[in-house]
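Beneath this line is the structure, given in structure tokens, with notes to follow.
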Amino acid sequence: MRVAVFVLSFIWLVNGELLEADQDAVVPGDWTFLGRVGPLEEVELTFALKQQNVSKMEELLKLVSDPDSHQYGKYLSLDEVAALSRPSPLTEKVVENWLRSHGVMDCHTIITRDFLQCVMTVEVAEALLPGSKFHRFSKNTKTLLRSTSQYSVHEDVHQHLDFVGGVHRFPQKRKIVSKGWEGARQAILGYHLGVTPAVIRNRYNLTAKDVGTAANNSQAVAQFLEQYYHPADLAEFMSLFGGGFTHMSTVERVVGTQGGGKAGIEASLDVEYIMSSGANISTWVFTNPGRHESQEPFLQWMLLLSNMSAVPWVHTISYGDDEDSLSEAYMNRINIEFMKAGLRGISMLFASGDSGAGCRHLTKERNTFRPSFPASSPYVTTVGGTSFQNPFKLSYEVTDYISGGGFSNVFPMPDYQVDAVRAYLKSVQSLPPQTYFNTTGRAYPDLAALSDNYWVVSNRVPIPWVSGTSASTPVVGGILSLINDQRFLKGLPALGFINPRLYKMQGKGLYDVTVGCHLSCLDDKVEGKGFCASPSWDPVTGWGTPNYPVFLASLMD
């Protein structure tokens with residue numbers, strides 16, 4: 001039997017083509033090499049099949065997201081999205097025949113039929129994907145199977161696939177976008193009394209009555225790798241900080257496997273602050289540690305969303321990676337998945353990152369800024385960060401110097417933001433040199449919130465001075481959930497993909513942040529300074545931070 005499989009496999013090996021030639025296959029320094037994986041060990045690979053009607057879906061998303069369109073808010077069901085995007089019969093047949101020819105039979109798909117997840121031995125995987133060589137790596141208690149060399153597929157299959165998941169991508173070195181910035185920041189900013197739900201609700205003008213009441217409303221956070229929240233931490237947090245407003249102290253639903261280890265500070269932060277800003281609203285937690293050593297947790301989360309007909313309306317995610325560490329094929333395909341979520345009326349919020357404009361060292365003499373993905377996707381709403389100008393009281397906000405922002409090197413600037421971004425580029429006198437950024441790329445963030453010096457309860461311990469855009473993102477997500485709540489009570493649809501409407505509002509309902517810059521490359525040309533805030537939109541804080549009553553009124557039609 002193995003001989004027959006080999007003969008069939010040999011036929012398919014002729015004239016292979018690289019599928020993700022630009023994918024960074026470098027092993028991050030914090031992962032330890034354990035050696036080659038045995039040929040009979042199993043891997044699970046995810047095959048992203050080419051979809052149909054991508055341009056049509058893009059046009060439909062513009063229509064359902066544009067408040068001036070007669071189709072505004074007329075979202076599609078998952079089945080309707082699946083009917084549009086499903087791969088062609090030829091694509092399905094070619095890919096399935098290719099897999100069967102290698103003896104790969106243990107496969108399952110999802111409702112949209114555009115992803116195939118298949119279990120096979122390493123021996124078969126390496127024959128299927130010439131050039132791949134799987135090794136085992138470890139970090140703390142986590143192990144992964146990955147190939148550090150480029151892979152190809154047969155030329156007849158190449159045109160039918162976007163990428164194969166589970167081959168190259170390591171989890172991001174920082175795990176997710178933000179970290180609890182203790183250490184040096186704690187020593188400098190230790191005098192701050194700290195941001196709590198009461199501070200958030202006061203600053204953004206949320207009253208005790210501004211809580212959820214609609215039965216059909218819901219919101220969610222996503223967690224990856226060893227990031228888990230503990231129910232006891234949430235209950236303790238609400239006991240300490242939830243006075244003065246009606247709230248829930250338990251998560252409605254956990255999707256995935258909730259680990260039994262120590263709570264992660266990021267996971268605690270996400271859950272505690274989406275549930276205190278979007279108070280009294282049903283909250284889900286998507287937890288994706290990866291069931292198999294070869295799985296990619298972020299990709300598994302995307303597949304879950306594509307396979308569930310009923311999901312929360314607002315999702316906040318504090319995850320990101322450098323654009324230049326990912327293949328364009330992968331990013332373009334994930335971008336389409338965000339587009340499909342928008343067609344369903346789902347709001348996807350991503351943290352902008354905690355590295356300012358970032359910095360990539362190209363040569364000894366040349367640096368550029370380093371945009372982050374998915375923050376740079378034109379089909380998500382990206383949230384930046386701010387600090388109080390006066391750390392002792394509720395004062396106006398300035399930029400948080402770590403707040404991520406900039407211009408994509410992969411995605412062109414979408415129509416909805418062209419006027420705002422061009423106005424910024426024309427009006428600001430102290431821009432960084434244009435060799436550092438792409439003036440025609442998707443610019444982010446879109447808006448912001450406080451991201452500095454939060455109180456969090458993790459492992460039953462109250463922890464101060466936690467900072468990052470993983471704090472601001474769930475706060476904005478909760479506020480959008482409150483607006484959805486009011487819309488549902490009036491018979492209006494969910495906000496969905498909010499960016500086209502947000503840019504048409506031109507900052508209405510948002511506090512404009514005009515003071516401060518964020519960090520970037522430490523060289524003699526920019527000297528650590530990236531972009532700076534300015535009146536109207538800017539690539540540090542977007543349009544600004546929420547003024548809830550005005551923001552709500554602006555979004556209630």
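Backbone N, Cα and C atoms are what each Cβ position is placed from, and that goes for glycine too.
Swiss-Prot lists 1-16 with the feature signal peptide, giving sequence analysis as the kind of evidence.
What Swiss-Prot lists as N-linked glycosylation site is ASN53 (among others), and the listing cites sequence analysis. Around ASN53 (N-linked glycosylation site), a 10 Å sphere centred on its CB holds 14 further CB atoms from the protein chains shown.
CYS118 (disulfide bond) counts 22 other C-beta atoms within 10 Å of its own C-beta, drawing on all protein chains shown. What Swiss-Prot records for CYS107-CYS118 (among others) is disulfide bond, and it gives similarity to another entry as the kind of evidence.
What Swiss-Prot lists as domain 'Peptidase S53' is 194-557.
Look at Swiss-Prot and you will find ASN205 (among others) tagged as N-linked glycosylation site. In sequence order, ASN547, TYR548, PRO549 are the residues of the chain that are 6 or more apart from ASN205 (N-linked glycosylation site) and have a CB within less than 8 Å of its CB.
In the three-state DSSP scheme, ASN216 (N-linked glycosylation site) falls into the coil class. Residues annotated as N-linked glycosylation site in Swiss-Prot, with sequence analysis given as evidence: ASN216 (among others).
Secondary structure at GLU266 (active site, charge relay system), as computed by DSSP, is helix. The Cβ neighbour count for GLU266 (active site, charge relay system), using a 10 Å radius over every protein chain in view, is 31. As annotated by Swiss-Prot, active site, charge relay system applies to GLU266 (among others).
In sequence order, VAL221, GLN223, TYR229, THR316, SER318, SER470, THR473, PRO474 make up the list of same-chain residues 6 or more apart from ASP270 (active site, charge relay system) whose Cβ falls under 8 Å from its Cβ. Summarising the annotation, Swiss-Prot assigns active site, charge relay system to ASP270 (among others) and lists sequence analysis as the type of evidence.
Annotation source Swiss-Prot lists N-linked glycosylation site at ASN280 (among others). Long-range Cβ contacts of ASN280 (N-linked glycosylation site) within its own chain (separation 6+, distance under 8 Å): VAL211, GLY212, THR213, PHE245, THR246, HIS247, MET248.
Annotation source Swiss-Prot lists N-linked glycosylation site at ASN307 (among others). Sequence-distant contacts (6 or more apart, same chain, Cβ under 8 Å) of ASN307 (N-linked glycosylation site) comprise ILE110, ILE111, THR112.
Annotation source Swiss-Prot lists disulfide bond at CYS359-CYS521 (among others). Counting every protein chain shown, the Cβ of CYS359 (disulfide bond) has 19 other Cβ atoms within 10 Å.
Marked as N-linked glycosylation site by Swiss-Prot on the basis of sequence analysis: ASN438 (among others). Spatially close to ASN438 (N-linked glycosylation site) yet at least six residues away along the chain are PHE407, SER408, ASN409, judged by Cβ distances under 8 angstroms.
Taking the Cβ of SER470 (active site, charge relay system) as centre and 10 Å as the limit, one finds 32 other Cβ atoms among all the protein chains shown. Annotation source Swiss-Prot lists active site, charge relay system at SER470 (among others).
Taking the Cβ of ASP538 (Ca(2+) binding site) as reference, residues of its chain lying under 8 Å away and at least six apart in sequence are, in sequence order, GLY405, TYR424, VAL428, VAL513, PHE531, CYS532. If you look up Swiss-Prot, you'll see ASP512, VAL513, ASP538 marked as Ca(2+) binding site.
Secondary structure at CYS517 (disulfide bond), as computed by DSSP, is strand. The disulfide bond feature in Swiss-Prot is assigned to CYS517-CYS532 (among others).
Listed in chain order, the residues near the Ca(2+) site other than ASP512, VAL513, ASP538 are ALA448, TYR511, THR514, ALA533, SER534, PRO535, SER536, TRP537, VAL540, THR541, GLY542, TRP543, GLY544, each with its Cβ within 8 Å of the site Cβ centroid.
Residue density at ASN216 (N-linked glycosylation site): 12 other Cβ atoms are found within 10 A of its Cβ, drawing on all protein chains shown. The recorded positions considered are CYS107, VAL513, CYS517, CYS521; of these, CYS107 has the fewest other C-beta atoms within 10 angstroms of its C-beta.
In space, CYS359 is the closest of the recorded positions CYS107, CYS118, ASN216, CYS359, ASP512 to GLU266 (active site, charge relay system), judged by Cα positions. Across the structure, CYS521 (disulfide bond) and ASP512 (Ca(2+) binding site) place their CA atoms 26 angstrom apart. Under DSSP, CYS118 (disulfide bond) is assigned to a strand (E or B) in the three-state scheme.
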